[in-house]
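Undergrad: What follows is a single structure, and I will ask about it in a moment.
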Amino acid sequence: MNLSVEIGKIKLKNPVITASGTFGFGREYSEYIDLNKLGAIVVKGLTVKPREGNPPPRLFETASGILNSIGLQNPGVDAFIERELPFLKSFDVPVIVNIAGETVEEFVYMAEKLDIEGIEGIEINVSCPNVKKGGMAFGVNPDDIFDITRKVRKATSKTVIVKLTPNVTDIKVCAKAAEKGGADAISLINTVAGMAVDIDKRRPVFENVIGGLSGPAIKPIALKMVYEVVTVVSIPVIGMGGIMNYKDALEFLIVGARAIAVGTCNFVNPYCTVEIIDGIKKYMEENEIEDINEIIGSIKI
């Protein structure tokens, strides 16, 4: 049975990867699951310098989802290379690094810095809706997406993935801009912009006011957007948004995603990724499917 897929130059042993953010740098989850079983690990978003992130509260539960306002807390690109990468290199799993810059130059700087052994791919975060400057502004403008993608593509030999925001009028235009800029793949969706209010204080729950909604609540939005993007680009698409089990994952594969990423589910169930891999295998066995590629894009309209 073949579960392997290719995203740019990266060969994944199966199509299940971690979404940036909820999996940290893999250390905590390595105590629960065998990281070698994953298709790839996408690490928490990195910035040029360390960031402390937003003041608490940072997470707020909503109906069928979570709002987060983390603010890209991370140790910075240098500390990642020094402290986290050696740990990740000890596993037989491709490592993809998510980068978040406040300027085009910062994206390029990080891409150059991460063009090293042990890293297979760069995921450009043009879509994080948490930070007051940077991500959001880039991700809603197709010209900016094209510009960043083109410059990062020139700066690295690694597979370049562009992660799109759903908070746009037409995500297809953004996807085409990323492809035109030289992206090897597109990942979507990032969180959906949302907010919550404390009715006793009559204030927003988050100091930043707006947070990012993830979890099962956004799955139908994500699925629709992945379906739309697959029809307009010829590069691989990584689908994510509310995937909680193997059935959710299969929906994304059937509409045409080459791989899927698991985010919020990792918080709920640390075994989630490997359970999804096992579920896909079982589905293939029961339906006498020998190759995962028979499922990808098999939707009948």
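Note: Cβ is positioned from N, Cα and C throughout, glycine not excepted.
Per Swiss-Prot, the feature FMN binding site maps to SER20, LYS44, GLY45, ASN98, ASN125, LYS163, ILE189, GLY215, GLY241, GLY242, GLY263, THR264; the stated evidence is similarity to another entry. Taken from Swiss-Prot, the feature substrate binding site applies to LYS44, ASN68, SER69, ILE70, GLY71, LEU72, ASN125, ASN190, THR191, supported by similarity to another entry. If you look up Swiss-Prot, you'll see CYS128 marked as active site, nucleophile.
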Undergrad: Among the binding-site residues LYS44, SER69, GLY71, THR191, report those whose Cα falls within 10 Å of that of SER20 (FMN binding site); none is a fine answer.
TA: LYS44
Undergrad: Should any of the binding-site residues LYS44, SER69, GLY71 have a Cα within 10 Å of the Cα of GLY263 (FMN binding site), which are they?
TA: none
Undergrad: At the Cα level, what's the spacing in Å between ILE189 (FMN binding site) and GLY71 (substrate binding site), rounded?
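TA: About 18 Å separate the Cα atoms of these two residues.
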Undergrad: Using a 10 Å radius around each Cβ and counting other Cβ atoms from all shown chains, which of the binding-site residues GLY45, GLY71, GLY241, GLY263 yields the largest count?
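TA: Counting Cβ neighbours within 10 Å, the top one is GLY241.
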Undergrad: Near SER69 (substrate binding site), how many other Cβ atoms are within 10 Å of its Cβ?
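TA: Here the count is 26.
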Undergrad: Can you figure out which of GLY45, ASN125, GLY241 (the binding-site residues) comes closest in space to SER69 (substrate binding site), comparing Cα atoms?
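TA: When the Cα distances are compared, GLY45 comes out closest.
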Undergrad: GLY241 (FMN binding site) to THR191 (substrate binding site): how many Å between their Cα atoms?
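TA: About 8 Å separates the two Cα atoms.
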Undergrad: Can you name the residues of this chain that are 6 or more positions from LYS44 (substrate binding site) yet have a C-beta less than 8 Å from its C-beta?
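TA: Result: SER20, GLY21, PHE23, GLY24, PHE25, ASN74, ASN98.
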Undergrad: Return only the integer: C-alpha distance in Å from THR191 (substrate binding site) to GLY45 (FMN binding site).
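TA: That separation, Cα to Cα, works out to 14 Å.
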